[in-house]
Amino acid sequence: MVLKVFFPSCCSSADSGILIGRWISEQSSAVILAVVHFPFIPVQVKQYLGEVQRVTKVSVSVLGSWSNSKQEKEDSLSEFLEDLGTIFCHEPWIQISKEGDSKFWSCSALQKHSKNPQEEEIILVYYDQRKVMLSHLHPPLDTAGQRAEDASKLSAIFDTVARSQVLFMTDRYDEGPIKLTHWQSDGVEASIIVELLKQASVPACMLLTFLLSLVSGICRSRVLKFWPLSFLWSKLSTCEQLGHRLQHLQVISSNKKAQNQNQLMRKANIFVSLLIDVTLGILLMSWLYRKNRIGHLADTLIPVADHVAEELQDLLQWLMGAPAGLKMNRALDQVLGRFFLYHIHLWISYIHLLSPFIEMILWYVGLSACLGLTVALCILSDIIALLTFHIYCFYVYGARLYCLKIYGLSSLWRLFRGKKWNVLRQRVDSCSYDLDQLFIGTLLFTILLFLLPTTALYYLVFTLLRLLVVIVQGLIHLLVDLIDSLPLYSLILRLCRSYRLAAGVKFRVLEQQDGKPLRLLMQINPLSYGGVVQTYRLPTYSCYPRDSWASLCKKLFLGELIYPWKHKGDKQN
């Protein structure tokens with residue numbers, strides 16, 4: 001049987017003493033956590049390990065002895081270390097010694113209480129205790145079989161070191177009966193700034209929680225559930241984004257401690273996302289209010305709207321003639337053209353009516369950028385939707401008219417074949433029609449068929465205009481979703497401290513010689529950037545349509561309405 005001993009590299013220069021750690025019998029592995037060096041009293045060591053085991057719930061015990069012959073040259077010391085196995089009584093008893101300046105180490109494991117005591121084949125694995133302590137193992141999601149078992153074995157090693165944090169809270173400057181050597185022996189790693197922020201975050205979180213509870217109570221009030229306000233709240237992307245950010249603030253201001261690493265990383269990602277979002281929003285606001293850019297933007301908005309209206313009028317005049325040499329139904333063409341021209345006239349009057357107030361509206365809208373860049377982008381999307389509302393009306397009129405004719409032609413085509421649509425059974429059944437019904441059906445089919453090209457041309461033109469607006473809004477929402485869902489903290493952590501996000505480990509051979517234990521170095525494989533995004537991606541309130549291109553083309557052919565690429569229902573936990 002092969003015995004695997006995981007030895008922390010920080011203990012390679014420790015004074016002689018005893019090895020404490022955890023024995024994992026299922027894997028025949030010993031995880032060394034620290035070295036207790038002389039002088040010590042065995043009773044005090046047992047009491048200390050009992051307290052550590054009670055706090056950490058990890059079966060920490062004395063696993064063997066450690067002899068640094070470079071530090072201690074007495075022969076009696078090695079004999080004393082061997083005799084410690086009778087006091088602490090652990091099987092197997094691991095003996096590790098460093099042979100002076102030699103690069104080879106001697107490691108043995110004895111079964112003293114067995115009938116046939118014998119040495120076992122040993123693999124000595126070095127690991128960086130600090131990296132393993134601060135890392136979080138992410139086994140691959142698609143592993144199965146043997147690879148899944150390997151991931152669970154590695155998780156046991158990582159979990160043992162992570163749960164033994166109490167053991168690493170003492171350093172050599174502490175006055176106590178037991179002296180330990182581990183990764184924080186030279187001083188407990190801490191930051192004064194972090195500790196001050198922890199102390200200041202408690203009252204800040206309490207105040208923020210109180211304010212958010214008031215805002216949440218107002219949002220859940222019955223006033224917002226009445227028709228006009230509820231309709232605006234569900235249609236405006238700005239309201240959706242504000243509600244989404246309100247949920248984020250409630251998560252990070254909660255005084256409930258994170259239960260696991262994923263919840264902690266989620267809170268950190270939300271906090272960094274909010275911080276960067278607000279910072280970018282303030283930068284945008286400072287840029288807008290410099291050199292009277294708000295006034296210049298308001299002065300250019302009216303001419304742009306007039307130019308768009310003129311282009312639409314020219315397009316309608318072109319459709320009312322002979323577009324691309326096509327022969328259109330003159331009467332229907334004139335009716336539709338004048339109908340849409342009247343809407344454009346109403347739209348121009350509406351824009352010029354609002355022109356004195358546009359600069360003031362933009363000035364107050366620009367202040368919303370202090371809430372974040374995503375809020376400003378959502379307001380921009382809503383402004384585009386309002387400024388292109390006439391295009392949306394044209395699209396709805398053309399789609400409804402085209403859809404009516406398509407469904408009328410399909411129904412009359414079933415009449416010619418002696419079929420009808422059974423509403424109750426949701427299927428096509430056979431049916432016998434009399435002569436009058438066939439005559440009227442033929443007459444209506446002929447009328448609809450000859451009017452279809454004129455309607456289809458208007459529908460096609462306004463659908464392309466509507467798709468152009470939807471694409472622009474989709475790009476804006478894509479940027480909003482990118483800021484909302486991108487795990488920025490995890491990506492920064494992957495860039496600066498990649499070992500914090502471990503996808504696995506790799507082993508490098510340090511030395512291999514007959515009669516000596518095989519020495520390996522365990523190195524951490526960081527999680528890939530794609531894996532980081534997939535694992536820690538934040539939930540968003542909007543997403544892009546799940547429809548395939550075939551389904552989208554079917555909707556366009558049948559004249560079904562295309563709504564903006566934003567809907568609820570894709571929230572992730």
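Just so you know, glycine gets a Cβ as well, placed from its N, Cα and C.
Automatic, uncurated: that is what TrEMBL annotation is.
According to TrEMBL, the features are:
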- 200-219: transmembrane segment (TRANSMEM)
- 270-289: transmembrane segment (TRANSMEM)
- 335-354: transmembrane segment (TRANSMEM)
- 361-388: transmembrane segment (TRANSMEM)
- 394-416: transmembrane segment (TRANSMEM)
- 437-461: transmembrane segment (TRANSMEM)
- 467-492: transmembrane segment (TRANSMEM)
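Cβ atoms under 8 Å from those of the transmembrane segment (437-461) belong to residues 315, 319, 323, 326, 328-329, 332-333, 336, 398-399, 401-402, 405, 408-409, 412-413, 415-416, 559 of the same chain, restricted to positions at least 6 beyond its ends. Panel annotation: around the transmembrane segment (335-354), residues 302, 305-306, 309, 312-313, 316-317, 319-320, 361, 389-390, 393-394, 397, 454-455, 458 of the same chain, lying at least six beyond its termini, place a Cβ under 8 Å from a Cβ of the stretch. Through the fold, the transmembrane segment (361-388) approaches residues 236-238, 240-242, 245, 274, 277-278, 280-282, 284-285, 288-289, 294, 297-298, 301, 305, 354, 469, 472-473, 476-477, 479-480, 483-484, 564 of its own chain, all at least 6 residues removed from its boundaries and within a Cβ separation under 8 Å. Through the fold, the transmembrane segment (270-289) approaches residues 245, 248-249, 251-252, 297, 366-367, 369-376, 483-484, 486, 488-489, 492, 538 of its own chain, all at least 6 residues removed from its boundaries and within a Cβ separation under 8 Å.
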